[in-house]
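Below is one structure, written out as structure tokens; the observations come after it.
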Amino acid sequence: MIRQRTLKEIVKTTGVGLHSGRKVTLTLRPAAANTGIIYRRTDLTPAVDFPADPASVRDTMLCTALVNDEGVRISTVEHLNAALAGMGIDNIIIEVDAPEIPIMDGSASPFVYLLQQAGIETQNAAKRFIRIKKPVRFEDGDKWAEFVPFNGFRMDFEIEFNHPAIDSDEQRLLFDFSTQGFVREISRARTFGFMRDIEYLQSQNLVLGGSFDNAIVLDDYRILNEEGLRFENEFVTHKVLDAIGDLYMCGHAIIGEFRAYKSGHGLNNQLLRAVLADQEAWEWTTFEEEVGSPVAFAEPNMVLA
């Protein structure tokens with residue numbers, strides 16, 4: 001059968017919080033089968049847990065943030081969550097000593113490296129997939145996102161930015177998910193923003209950790225980062241990365257096709273909630289044989305460049 005996965009070892013790293021600008025220590029711990037994905041703030045006494053759940057996403061203004069009933073939050077979870085989805089991790093404890101996950105380089109790549117460093121272990125429990133059974137669509141003005149049945153996990157994402165530095169031919173991406181494809185084609189895409197917005201937000205004591213080290217920064221005419229883009233379609237690729245992380249807030253791999261136009265964290269989350277609220281729209285499924293799975297996860301011991 002296709003089994004659940006966790007980490008072999010505990011791993012730790014430090015980085016900067018995007019919003020606070022302060023040092024954050026991140027620790028990833030193995031967890032027992034059927035634990036799920038648990039985010040934990042260890043700077044509070046007692047520690048506060050945030051199980052991955054689309055209902056826990058209560059703020060999507062500048063990132064994806066989990067907020068509990070007491071108003072305690074943990075922000076900027078989407079890039080790490082995307083790495084967990086990409087590597088097929090089902091069970092993990094994620095500890096931070098701050099109200100946010102460190103931003104690292106603004107992509108999911110450092111988290112992929114961290115997971116590979118920890119090693120991946122299969123567990124004696126079946127991996128549970130969510131299979132989309134019928135179309136579900138969520139709209140907000142001219143923006144929309146939808147799931148339709150598909151025997152695999154496919155992303156069809158289109159953005160619309162009228163900017164000289166964003167090629168009009170590079171604003172749509174079709175991605176058929178596999179671990180190898182995620183690591184090589186998606187994980188390195190960085191978040192992006194406009195200098196005028198960053199300057200305003202920093203004047204409001206927000207995104208104090210934002211810099212050229214962890215984002216693609218644009219003015220009205222060009223990309224300001226000296227090194228430019230990592231690949232030509234990095235903008236839409238990062239939106240796909242964000243969506244993979246947002247959709248994995250259900251804690252399970254999805255079998256279906258996600259289509260979106262100008263979607264963001266909020267719309268991604270609303271679609272996921274709408275799907276899960278409609279019991280006729282999805283079903284649980286497991287696979288007795290690896291070859292039967294329509295979603296291609298790499299072997300646990302495979303090292304991916």
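Every residue gets a Cβ built from N, Cα and C, even glycine.
Look at Swiss-Prot and you will find H79, H238, D242 tagged as Zn(2+) binding site. Taking the Cβ of H238 (Zn(2+) binding site) as reference, residues of its chain lying under 8 Å away and at least six apart in sequence are, in sequence order, S107, A189, R190, T191, F192.
According to Swiss-Prot, the feature active site, proton donor maps to H265, an assignment based on sequence analysis. Sequence-distant neighbours of H265 (active site, proton donor) (same chain, 6+ apart, CB under 8 A from its CB) are V57, T60, C63, T64, E78, D242, D246.
Other than the site residues H79, H238, D242, same-chain residues with C-beta atoms no more than 8 angstroms from the centre of those residues' C-beta atoms, the Zn(2+) site, are E78, A82, G106, S107, A108, A189, R190, T191, K239, L241, G245.
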